[in-house]
Each structure stands twice: as C-alpha cells, then as structure tokens.
Amino acid sequence: MLSRVWEEPIIHQSNINVNRADTPLSSLIKHLLPHQDKSPQLCLKPNQNSPTINIPPPDPSNQLHFEATYRRVCSLLLSQTQSRSLLKGLQLHAQIIKLGLQSVPLVSHQLINFYAKTQLPLLSRKIFEESQFRSATTWSSVISSFAQNEQPALAIEYFRRMLHDHVRPDDHIFPGATKSCAILGRCDIGKSFHGLAVKIGYDFDVFVGSSVIDMYAKCGEIRDARKMFDEMPERNVVSWSGMIYGYAQMGENEQALKLFKEALCLDLDVNDFTFSSVIRVCGSSTLLELGKQIHGLCLKTSYDSSNFVGSSLISLYSKCGIIEGANRVFDEVPSRNLGMWNAMLIACAQHGHTCRVFELFKRMEIDGMRPNFITFLCLLYACSHSGLVNQGKHYFELMKDYGIEAGDQHYASLVDLLARAGKLEEALRVVEGIHIQPTESVWGALLTGCRMHGDTELAAFAADRIYELGTVSSGMHILLSNVYAAAGRYEDAAKARKLLRDQGIKKETGLSWVEEGSRVHTFVSSDRSHPKTIEIYRKLNELGEDMERAGYVADTRFVLQQIDGGEKNEAIRYHSERLAIAFGLITFPPDRPIRIMKNLRVCGDCHTAIKFMSKCCGRVIIVRDNNRFHRFEDGKCSCGEYW
C-alpha cells in the first residue's frame, strides 16, 4: 500500500505507474520532478538559515575526491531521511542519478532507507532491483523497508531470494523477517526463521532474540515467547516489551503487570511501546488508579506525547467511564496518528457522543488524515447506537470513495443499524445481498434486532442460518436460548442450552465490579459474600422503597427462568449491578460519580431501575456493560433509551 503522500500535486502530474517493477528509476524520478534543473551542481537549502550546499561532480580519477563526494551525498540523504522530507529527497535522488552515484552500494543503501522511512517501499524495491552490487546490508535495508510498510509478504519473499543468492543473514536481517511473520500471523514460517537463527548462531543475539520473542508473542505462542525470554543471556527493552505485550494480548493481565513491575525494579529504560501495553492492561481490567499512576510516569519521562501511549490512555479513560479524561489526552498530544483518531472515535461512540464522532471525522478529513476500515466501523457503531439510519448508510457508501471494501464487520454493523431501527426486512435484504458468506456476527445482528422487536418468525429463520454455519460461539447459544425463552418456547431454549453443555462450555457468569482505591470489589447476582453484605442489602431495600414510591415497577419479563412471580421479583432485585451500586452509595462521597463495570449486557429492568436510583439518591451513576456506556443522572440515561 502506498502512502498518502502520493496524492500530492507533484505526483498527480506523472503518468508513471509506480507499481510496475520494470519502470526504470531514472524515468520515474524524471517524471516526479519535471522541472528539475539540469545542472550537475547539487544545491539544496534545507531551511533558510542553512547555507547553500554545492557538490561538484566527482572526479573518477581521484579516489579520495570520489569518496568524499559520495559520502557527502550519503550524509545529505541521511538528513532528508531523518526529517522525512520527501520533496528534497526526490530532488537529491535526481542529482544522484545525474552524478552517476546510484551504483555506489552505500548510496543505494541510503536511498532504500530514505524511501522506507517516507513510506514508499515500492521505490525501495526499484532501487534494490537496479543495484549492481547487493551486500547483506542492501538486503537488510529492503527487507526492513517491506516489514515497516505493511508489505510483510514481500519481506519474506526477499528473505528467501537472499538465501538463494547464498547471502548469510545477520542480526539486522532477522528482525525484519520475524516482524513480517508476526504481522501475517505465520508462526510456522517464524519458527523456520528461528531455527535458521539457531543453526547459524544468532539465536542468543539480543536483537534477533528480542524479535523472535516479539514474533511468538504477537502470534499468540506465549509459552514459546516466555521460553525464549527466560533463556536469553541478555535482554533489551524490545525483549521486555514483547513479553509484556504478549501477556496483555492473551488476557493474562496479572502476568503483564508483574513483568512490568519487575522491569521497573531492574531500572530498565522502558519505551512508549512498553507503557502502551501496560496502560492497555489497565484499561481492559478497568484499573483506573493504577492507570493514572502509569500516566504520571509517562509525563515524567515525556512519553505522554507518543501516539502509542496517547491511544492507550484514551482507551483507558474511556473504558473506565471518564470520557473527559480521554478528550483531554487527545487534545494535549501535538501530533496524532490514525490510531489516536480511531481510539477517540470509538470512545465517543461507546459513550453515546455521536455528534462528537461526526465532528472528529470532519476534522480528520480537514487535517488530511486518511481513514481506514476501523474508522468506518467506529462511525457505523455510533450510528447504530443512536438510530441514525440515513447517516449510517451514507458512511457505508463513503467507504468506496476511499477504496475500502466492506468486510463482514462492516456488514454486521449495517445490519445491526437497520435491525435496531426496526427495519428487519431491509436488514435481511442486506444479509442476502452480501458478496461474501454471512458470518455469525452478521446473522447475530439480525437475530438481536428480531429479539428487540419481537419478530419470532424471522428470529427462527436467522437461528437456522446460524446453526448451518457449524460451530458457533457460546454467546450465540445463549442468545438463541434467550430468544426462544422470551417467546415462551422453553423447550427450544432448553435444547440450545443442552447443546452448549454437550460441547463442554459453561455460560459466562454475570459479574459487576467497582474500584475503590487500589481494591476491586466484584459482585454476582444475589451475592452475600462481601464483608459489607448487611449494609449493602439494607441500602438496596431502603432505596427500593423510595423507587416504588417514585413509580418504579419491576419488569419480570427479563427473568427468563421458569419460576413463579415472587421468586422472579427476588431474582431481579439483587442483580449484580444493583449490589455494586449499593456498595458505591455507602462507600463513596456524595459528589463522586459511581462507576460500575459489567461483563454482560445490562438487562432492561435494571436499566429502568438505575434511572430511578439516580433520581432518588441524586447521584451520577455510570455503568459500562459489554456493549456501551450508560450515564444515569436525575432519572435519565445518556443512551436516550436506544440501546
């Protein structure tokens, strides 16, 4: 994929196809710079304060003069690479061709690196192919160029070509190859590279070993990564960061935090990637206080301006229910990459700030930031959870303008948007018109809409299609069971649950938790194990009386078990989120919002009850379920009843 710099006017003037490997570089540069001065003198002014640089043509008969000339050219190239100055680099490249220096191996190496850093890997490839002499350094440069610029398959292909040319890989070449395996998720190829590194004695090299750890961790082979980590005689920040990231990715948050603490105890100079991984652990575990402490550490080490850290901090504050903190982080980072924009978009969407989502997208376009498939998922999600059907359709069609092909997740979001809005027939037409086979998530979105609007016939049709897919997730079995139970078809509901038991999968237990200082208090439905159980139930009963006087009536339709009315009232009164809220009411000061986290979707009756709770006790209650955030205040919810 070429960088968006190709959209600049200078490139539009050219009709050269950069994707063709047979286009000579000299022709390409000529077209890129049609008005370039033909003088062989090299005159560049990096800025107004810099003196003019004049480099006369090298004298081939004078070896010292020739070396001085190409070394000065390499120095200039390195300067343009560090500043990411594409236009000046292209001008310099044109002069290199005129001076006849393109065949010098060191110059070729610097040109490959320049185009790699300016996100033009296919130009790196052209320079490599036209190089007359290819050293291990040249191979390393082109492989790294592909690995750094979303061309992992090419990186692996050129690694194989290098072996066929009998070039021995070194400690600079292996990291680019293993990184490409991590991007592709091809642990099998990565193991082959690891085996080769062992064979030629590079397995315990700190750079090679660290890249292997990173590859295993990103491919989900956490045991292999840890084995390599423990056996390394020397580790660097990449080794530690790779392991921490691997644990975080696998959901082994305790191990990730333990390893991070160990790294700090060893006075390791952790980098922004390390901080990013640990902050994401805090976000996924909603450990707000610990996340704040690490944020403070980032401020002290000046890593707060990193885009990696910024994206993680936005996610942390958003997942912990503090959207204001996420906005503050976003506004304070001076230069934002696409990851930060997407993080802020999904944060606003989950908190129901739909107008803010649209505003951010417009700012992205103005700033010249090109959206990707994740950006449009955020937009569709925001539209879906606000009932904005026309806007959702608009953004779905807009993807074509950016050359983004809709995937199963985009179709699932569009179906969810239509189904939630009650347009079930239109949603079905979308499913049947998909150019790829509809996935479980697509049919699941339709099934959820059918359940919301009571269309049991279409729900049964969607359920049949889901079963035809073969093995489905445990959550889908529960959804099917709940759909049947809500329709009074208890036998079908029992069959769905039996199928789940036959597969050896247990229904996920509903949990709610609240953070108090450095402690996390977790509750399940009708829980009586907490040390403050007596006070919690007393507070719930007192609040229940106030709620009933204010007009609350329990809706027992959300109790799907076959039990009598009295038991249903008891079952719904002590749901886990209500216990967590009662704990917050007796623990936190009146001016502090009560933030509750849930692993499952909040039920309809609890949603109504919490509105009454917020009105009767005069508190702000923020509940995050597995779908979105609900901010309850003075008897109203931020979702606007559209959830």
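Quick reminder: no glycine exception, Cβ is built from N, Cα and C everywhere.
Per TrEMBL, repeat 'PPR' is recorded for 135-169, 205-239, 337-371, 372-406. Annotation source TrEMBL lists domain 'DYW' at 551-643.
Secondary structure counts, DSSP: the domain 'DYW' (551-643) has 38 helix, 16 strand, 39 coil. Beyond the repeat 'PPR' (337-371), the same-chain residues lying 6 or more positions past its ends with a Cβ under 8 Å from any Cβ of the stretch are 4, 307-308, 310-311, 314-315, 317-318, 323, 326-327, 330, 378-379, 381-383, 385-386, 388, 391, 402, 404, 628-629, 631, 638-640. DSSP places the residues of the repeat 'PPR' (337-371) in helix, strand and coil in these numbers: 26 helix, 0 strand, 9 coil.
In the predicted structure, the repeat 'PPR' (337-371) carries a mean pLDDT of 93.
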